[in-house]
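See structure below.
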Amino acid sequence: MRDQFISLALMLCVLHSACGLYFHISETERKCFIEEVPDETTVIVNYKVELYDPRSNGFMPSSPGIGMHVEVRDSDDKIVLSRVYSSQGRISFTSHTPGEHVICMYSNSTAWFSGAQLRVHLDIQVGEHAIDYANVAQKEKLTELQLRIRQLLDQVEQITKEQNYQRYREERFRHTSESTNSRVLWWSLAQTVVLVCMGFWQMRHLKSFFEAKKLV
């Protein structure tokens with residue numbers, strides 16, 4: 001089974017919006033998406049699976065017997081979530097380490113649907129965009145002003161997380177650059193030492209050769 005990685009460079013910011021798309025897969029295909037997420041950030045994944053109907057030349061919504069296996073791995077390649085869901089659902093998880101989170105999806109379709117083409121609608125929401133404020137206002141009985149203040153506070157918190165994540169990325173990049181420069185320096189020194197040793201050995205060898213031939 002071949003992984004098809006679709007890199008989604010979705011850096012969070014205040015203007016960051018949800019990512020909505022759809023893609024086609026067969027029964028044996030596996031699609032993976034990369035989402036860069038700060039730590040302690042909520043991610044919501046909404047999806048819907050449709051089965052291709054050759055009679056109507058279209059896709060049937062909510063086909064029975066079709067589900068999706070969803071697996072989420074964090075930046076340390078640890079499994080955050082792995083389970084089988086129905087043909088339509090909403091998945092939620094919270095990141096505990098900053099960095100790239102890989103979201104992989106593949107069909108768990110039975111032999112009845114073997115070889116069929118599927119269309120998967122996918123919507124990924126990160127941070128404040130993953131919060132249903134209408135539901136929050138209803139549950140906590142917030143006024144419009146209180147809800148707006150809550151949204152602003154969440155935005156400030158998300159901006160802080162994003163800034164911390166950017167600093168983390170800059171520090172990691174700096175360490176990588178310093179490590180690369182150090183390796184290049186040591187490799188250059190090693191090459192220089194090898195060349196000097198080879199030159200010295202060749203000179204000794206030539207001197208011995210000339211002495212043996214009584215040319216010097």
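Any Cβ shown, glycine's included, is placed from N, Cα and C.
Annotated signal peptide per Swiss-Prot: 1-20, in sequence order, evidence recorded as sequence analysis.
If you look up Swiss-Prot, you'll see 21-183 marked as topological domain 'Lumenal', on the strength of sequence analysis.
For the domain 'GOLD' (30-126), the mean pLDDT of the prediction comes to 82. Sequence annotations record features per position, and here Swiss-Prot assigns domain 'GOLD' to 30-126 based on sequence analysis.
Listed by sequence, the residues of this chain that lie at least six past the ends of the transmembrane segment (184-203) yet keep a Cβ under 8 A from its Cβ atoms amount to none. Under the heading transmembrane segment, Swiss-Prot lists 184-203.
Taken from Swiss-Prot, the feature topological domain 'Cytoplasmic' applies to 204-216.
The motif 'Prevents secretion from ER' feature in Swiss-Prot is assigned to 213-216; the stated evidence is sequence analysis.
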